[in-house]
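Here Swiss-Prot flags 1-30 as transit peptide. The feature L-aspartate binding site is assigned by Swiss-Prot to GLU192, ARG238, ARG509, with similarity to another entry given as support. Annotation source Swiss-Prot lists region 'Aspartate' at 216-219. What Swiss-Prot lists as ATP binding site is ARG238, ASP239, GLU240, GLU502, GLY554, PHE555, ASP556, ARG557, and the listing cites similarity to another entry.
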Amino acid sequence: MVLSRLPACLLPLVGTKVSIQGWLVATSRQVSKSISFHQLRDTHGTILQLLSTDKIILQQKREPLVSSTDFSQQKSTSVMRTLSSIPPESVVQVTGKLQRRPEHDRRPGNEFELHVEDVKLLNVAKNLQLFPGDEKPGMRIQLANRHIQLRAPKYNSYLRQRSRLAYQVHSFFNDREFCEVETPLLFKSTPEGAREFVVPSRLNPGKFYALPQSPQQYKQILMASGIGNYYQIARCFRDEDLRFDRQPEFTQIDLEMSFVDKPHEIMEVVEDLLVRLVSFAKGITLAKPFQHITYQHAIDKYGSDKPDIRFELPLKNITSLLPKQDPLISTEILVYNDLSHSLSNAESRKLCEAVGENVVVTSIREHSQLQTWVKKLPQLRQLPIVAEELNQKLQIGINSIVFMTNRPKYLVSGTTPLGKLRLLLHELLVKKKALPELDKDLLKFVWVVDFPLFSPTEEKNQSITSTHHPFTAPHWDDVHLLEKKPLSVRGLHYDIVVNGIELGGGSIRIHNPDIQRFVLKDVLKLPENRYATFEHLIRVLSSGCPPHGGIALGFDRLAALLTNAPGIREVIAFPKTSSGADLLIGSPSAIPEEMLKDYNVAITRQTQNRN
């Protein structure tokens, strides 16, 4: 019996002779001249103890792709070598009798050992830059040797857990008779938001495909095609600046449902899916329905549209408590009652410096400062304010630390200055043991709803942009505001957030072609050439498209969360660097000039110099 994977239960094989194939682990222990211990790792990352008691003749397996010269040289130097002399991470086949380890040496998952009688070297490992499980080399070396890193049981487990989660997703939607449809990866360039990856067309000179940022338009077309409820685990691409939680290509759980016009119909499906996945991965039963909060409440209380609601430290929007100012400016405040004197003035100032954006702070340590603290904050110094009234309404007292800033009423990003400071403050207070550490197994899911349909933009030729994408339907009560007050229109959009992480977002879509046309042309004021890129969608909506809505969940982030991985890089087989490079295979790479000519593409001198 030759095994490349150790059975889950080895007990029935005890006392029998077996052959096992795998990688020789670097760890070894010589206990005497004739006895040594080694370890073998199988394809699932499982480790088996090897006991070698005699000199074993090493058999070399001849492979057809190995030259005769190389083989002869290897054989002449290794015929009489023992197991100890084989380089770690070499692929071997060991044969021997399986035994239970002595009782005092048994540990869970390490209860058996193989008494080695024969060894075959299947492939020798040479010139390794790192070994599995070695985290000391820098990230670039780790990613350049990702194939070695993935052999480590931890990384092997991440990918296998991700695979099992994907199976649960497929099973969930199959049970509900959703239709899995694979939408094209060669799409067209449309102004949906993020920068796209483009692919030149050889057969259509001067024209390009674009890799999809999401299957958004295709899945809406499927709703008009009579498919009904659709899903897929979809590959998506965005050519944007990367962070630790972003990759240029990523995976999402994508779904769309026809004949729905209310967000709760989509939300119920998503909650059922997440309940199933969390139960499967962690054995935790989530309570339904999940909490709902409005976008405005999330911004005012947590300073973020993806709030971490596991802890308090609430913000307060005090604009209404102040004399009338610029209507486009909001004033927010965070009061921390430092009863244990855990935060020094220097630490408070350092937090403000870390955030920037005109955040200021003052501390109230004496009774006399209760009347004077407002004069220490530039935002309040010139205003006719009675400190006593603010103290009462904001529960400010002795040992209060007050952080404050002014910010735009309509946000360009999803986090306010004090929203950033709130997270840093909590992290610092936990580190100083002024607040308890968060339970790592606590999952606080929350729906954020009633987002603004449009947001300001910094582009000179466009005053507003879609907060999410231009296909989101306006809230029924706000349709009349589209023409005159678009920034006041709420969208039928919903984000699912857990522990401060945005897992996904969706919306009820515009299915009326007239409203879709009005949003694109009259509200967003797209120039004619950009509007033309959506004509196919207008035509589809005009053909009898039912009401519909959907959502996309980030599968990489979800897998990282449910496997307790530090980030998404761990649950992606071959992740890119922050510059978008795959260091293992060397992409992106230059293309021969003759191939560029086939695609009618020319590289400018400026581009060549930059590279």
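Glycine is treated like the rest: Cβ placed from N, Cα and C.
This prediction places the mean pLDDT of the region 'Aspartate' (216-219) at 97. For the recorded site, GLU240 (ATP binding site), the DSSP three-state label reads coil. Binding-site extent for ATP: residues ARG238, ASP239, GLU240, GLU502, GLY554, PHE555, ASP556, ARG557, maximum pairwise Cα distance 20 Å (rounded to the nearest whole number).
There are 14 other CB atoms within 10 A of the CB of GLU240 (ATP binding site), with all protein chains counted. Calculated from their C-alpha atoms, the gap between GLU502 (ATP binding site) and ARG509 (L-aspartate binding site) amounts to 20 Å. Remark: secondary structure over the region 'Aspartate' (216-219) totals 4 helix, 0 strand, 0 coil, with classes taken from DSSP. In sequence order, PHE250, THR251, GLN252, GLU502, LEU503, GLY504 are the residues of the chain that are 6 or more apart from GLY554 (ATP binding site) and have a CB within less than 8 Å of its CB. Across the structure, ARG238 (L-aspartate binding site) and PHE555 (ATP binding site) are spaced 15 Å apart at their Cα atoms. With ARG509 (L-aspartate binding site) as the anchor, the candidate binding-site residues are ASP239, PHE555, ASP556, ARG557, and the one with the nearest CA is PHE555.
For the binding-site residues listed here (ARG238, ARG509), the lowest count of other CB atoms within 10 A around the CB belongs to ARG238. Within 10 Å of the C-beta atom of ARG557 (ATP binding site) sit 23 other C-beta atoms, taking all shown protein chains into account. The most densely surrounded of the binding-site residues ASP239, GLU502, ASP556, judged by C-beta neighbours within 10 angstroms, is ASP556.
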